[in-house]
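A.B. asks: I have a structure I would like to understand better, so I am pasting it below and will then ask my questions one at a time.
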Amino acid sequence: APTKAPDVFPIISGCRHPKDNSPVVLACLITGYHPTSVTVTWYMGTQSQPQRTFPEIQRRDSYYMTSSQLSTPLQQWRQGEYKCVVQHTASKSKKEIFRWPESPKAQASSVPTAQPQAEGSLAKATTAPATTRNTGRGGEEKKKEKEKEEQEERETKTPECPSHTQPLGVYLLTPAVQDLWLRDKATFTCFVVGSDLKDAHLTWEVAGKVPTGGVEEGLLERHSNGSQSQHSRLTLPRSLWNAGTSVTCTLNHPSLPPQRLMALREPAAQAPVKLSLNLLASSDPPEAASWLLCEVSGFSPPNILLMWLEDQREVNTSGFAPARPPPQPRSTTFWAWSVLRVPAPPSPQPATYTCVVSHEDSRTLLNASRSLEVSYLAMTPLIPQSKDENSDDYTTFDDVGSLWTTLSTFVALFILTLLYSGIVTFIKVK
């Protein structure tokens, strides 16, 4: 098994309010670690406390588990904060802090008790209604005695432990634009989170029918906070999703009615209508970087993919920053932008940068390109501004190249003229 840090869970004894002369038992459950050997130390504040640590046990999955407990008088427990510090040879320490819970006795006397109910239903209080009928002196005494007995019973009876289980939550993730365009696939992910998922089962339906393939079941995962999660993935051809086929994920659990989530492509989709690529230039030193701004607008829904290419090679995502598409003013469509950082190259060799945009309603990839010679831009003292690729208010790189060619030709002819004049003069002198 690979190296794994332990998961640490704090445990406190019972729900009954302890008496002043009875101890409080605290425990740390350390589980799911590999390799073996952990060190457990208890502290009250900064002072270590004597504890009892049980032998390690190897689970069926080859990971280890152990537990450690501390017993302390109630009065001492209320005086400070207790910590269980776990050190694993292959990972960093984990600390769990114990806090004294609210008194169960106070809870029982201040609110009526309720029987546990299924999630989503109403719980009915079980307190008896007060009797208003006059029953005479003997009846009043019996009534007082009965009320006294009921009060004593409420004070001595152990209340129900509060449930800390996490309710099941189901989430359905629709296909990412990257998968739709780069893989020509529509991948759906159904995700469930809860406290006890060993009997949970996720199923799929495509247009009301069970798919015959393309389903990938994930393993049950246990997390450090005590919760569990499980997922299932369904992969379909992109054409089915574009055709508006409905996809349904259903969670089946023995203790709950089936929970269904449906994904359906938005029918009123609109492809982008405008794409622009602007140059952001500044008068920074030659070693500084330049910036390109790609803007796209007029699309719906907001799921869109903006990528950058440098000479037909994909740029790493760490080199540019996309923005989450906001809605356009007084419109049902969205707009987005991405800023690319172009580092100054060591040589004046120009590079072509392309902004590629894909949307689920576009039949083709939109793109806009710009050829940059960054060293020339950095050495030219320009006022910071935004220039559109279609405007003519700046010197193009083709013009710059022609200028250098003309100048080189002039210098070469001038040198040849000098050589010719020198040779003729030398012949005449001889």
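Glycine residues also receive a Cβ, built from the backbone N, Cα and C atoms like all the rest.
Got these off Swiss-Prot a minute ago, pasting:
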COMPBIAS  106-118  compositional bias 'Polar residues'
COMPBIAS  138-158  compositional bias 'Basic and acidic residues'
DISULFID  CYS28-CYS84  disulfide bond
DISULFID  CYS190-CYS249  disulfide bond
DISULFID  CYS294-CYS355  disulfide bond
DOMAIN    175-263  domain 'Ig-like 2'
DOMAIN    267-373  domain 'Ig-like 3'
CARBOHYD  SER109  O-linked glycosylation site
CARBOHYD  SER110  O-linked glycosylation site
CARBOHYD  THR113  O-linked glycosylation site
CARBOHYD  THR126  O-linked glycosylation site
CARBOHYD  THR127  O-linked glycosylation site
CARBOHYD  THR131  O-linked glycosylation site
CARBOHYD  THR132  O-linked glycosylation site
CARBOHYD  ASN225  N-linked glycosylation site
CARBOHYD  ASN316  N-linked glycosylation site
CARBOHYD  ASN367  N-linked glycosylation site
REGION    96-167  region 'Disordered'
TRANSMEM  407-427  transmembrane segment
A.B. asks: Quick check: of the recorded positions listed here (CYS190, CYS294, ASN316, CYS355, ASN367), which one has the Cα closest to that of CYS84 (disulfide bond)?
C.D. replies: CYS190
A.B. asks: Near CYS355 (disulfide bond), meaning Cα within 10 Å, which of CYS28, CYS190, CYS249, ASN367 (recorded positions)?
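C.D. replies: ASN367, listed in sequence order.
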A.B. asks: Could you tell me how many residues in the domain 'Ig-like 3' (267-373) are helical, how many are strand and how many are coil under DSSP?
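C.D. replies: Residue counts in helix, strand and coil order: 3 helix, 58 strand, 46 coil.
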A.B. asks: Quick one: of the recorded positions CYS190, CYS249, CYS294, ASN316, which has its CA closest to the CA of CYS28 (disulfide bond)?
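C.D. replies: Considering only the listed recorded positions, the nearest one is CYS190.
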A.B. asks: Tell me the Cβ neighbour count for ASN367 (N-linked glycosylation site), meaning other Cβ atoms within 10 Å of its Cβ, over all protein chains shown.
C.D. replies: 15
A.B. asks: In whole Å, note down how far the CA of CYS294 (disulfide bond) lies from the CA of ASN316 (N-linked glycosylation site).
C.D. replies: 16
A.B. asks: Under a three-state reduction of DSSP output, how is CYS84 (disulfide bond) classified: helix, strand, or coil?
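C.D. replies: Note: CYS84 (disulfide bond) is in a strand by DSSP.
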A.B. asks: Would you count the other CB atoms within 10 A of the CB of CYS355 (disulfide bond), including those on all shown protein chains?
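C.D. replies: Result for CYS355 (disulfide bond): 27 neighbouring Cβ atoms inside 10 Å.
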